[in-house]
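Q: Below: one structure in structure tokens.
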């Protein structure tokens with residue numbers, strides 16, 4: 001069965017797909033879409049179970065990737081934030097001819113911590129899963145707060161994310177639960193060497209969900225990739241440091257151009 005996700009397309013230029021993270025929806029990109037649309041044809045999606053795709057319910061990891069690929073442009077750059085980074089990476093591995101460049105933001109091929117690998121402790125993920133059953137709205141709000149922790153403008157960042165996300169229908173609780181399972185279980189580390197397109201990895205140095213050590217450990221997994229660290233950012237650098245973020249993104253996507261914001 002083909003399931004149609006909700007997409008928005010704005011601007012003119014080369015195609016750029018933006019994929020949101022857990023508990024969020026495509027509206028989270030709106031502040032930067034306005035700036036990017038002067039240079040790119042920007043495609044934002046609400047993943048299955050989120051925003052205007054909430055009624056589609058839950059989809060597992062491979063289904064989510066297939067759903068996005070089914071409606072994405074024939075060939076474009078893909079940018080995934082957090083959980084969206086896993087989806088963008090898997091799409092690049094599954095259909096390398098469709099992904100011209102891969103950008104991951106505040107993402108990790110393995111979100112869960114384990115011996116020798118920094119990440120989210122399994123107890124924290126379990127706690128979120130339990131809290132979801134009691135009050136999923138409050139759980140998503142807590143997650144937003146966790147994302148902005150460490151950022152100098154944390155309160156402002158949370159407010160902006162919340163406003164954008166709450167402008168669309170609430171996420172489907174089963175999709176939220178599936179998303180946490182993906183964050184707990186998926187491990188793409190051993191597949192990363194198969195990536196054939198240019199890769200850019202962006203991180204916030206103060207990120208509490210994707211520790212900065214992951215950024216450095218990843219150098220060994222994708223040695224020829226571009227690494228960008230936003231020194232004062234946490235988990236959402238495209239919100240807290242949008243101008244710097246867009247400059248770095250453009251530098252990677254179109255290195256021959258000078259970009260004026």
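Cβ coordinates come from backbone N, Cα and C, glycine included.
Note that the structure is a prediction, hence the values are computed from the model and not measured.
Below are the features I grabbed from Swiss-Prot:
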ACT_SITE  82  active site, nucleophile
ACT_SITE  207  active site
ACT_SITE  235  active site
BINDING   22, 82, 83, 143, 144, 145, 146, 147, 235  substrate binding site
DOMAIN    16-241  domain 'AB hydrolase-1'
Q: What are the sequence-distant neighbours of residue 146 (substrate binding site), meaning same chain, six or more residues apart, C-beta distance under 8 angstroms?
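A: Correct list: 208, 209, 235.
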Q: Would you mind pulling the longest C-alpha to C-alpha span across 22, 82, 83, 143, 144, 145, 146, 147, 235, which the record has binding substrate, in angstrom?
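A: Those residues reach a largest Cα separation of 16 Å.
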Q: Of 22, 82, 83, which is closest to residue 207 (active site) if I measure between C-alpha atoms? They're all recorded positions.
A: 82
Q: With every protein chain in view, what's the tally of Cβ atoms within 10 Å of the Cβ of residue 207 (active site), excluding that atom itself?
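A: Neighbour count, Cβ to Cβ under the 10 Å cut-off: 25.
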Q: Pop the mean pLDDT for the domain 'AB hydrolase-1' (16-241) in here, whole number is fine.
A: 92
Q: Just to be sure I understand the packing, how many Cβ atoms besides its own are within 10 Å of the Cβ of residue 83 (substrate binding site)?
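A: There are 24 such Cβ atoms around residue 83 (substrate binding site).
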Q: Rank the recorded positions 82, 144, 235 by the number of other Cβ atoms within 10 Å of each Cβ, and give the residue at the low end.
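A: Least crowded of the recorded positions 82, 144, 235, by Cβ count within 10 Å, is 144.
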Q: I'm trying to understand the geometry here, so how far is the Cα atom of residue 144 (substrate binding site) from the Cα atom of the residue listed as 'active site, nucleophile', in Å to the nearest whole number?
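A: The Cα atom of residue 144 (substrate binding site) is 12 Å away from the Cα atom of the residue listed as 'active site, nucleophile'.
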Q: By a simple count, how many Cβ atoms lie within 10 Å of the Cβ of residue 22 (substrate binding site), its own Cβ left out?
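A: Counting Cβ neighbours of residue 22 (substrate binding site) within 10 Å gives 25.
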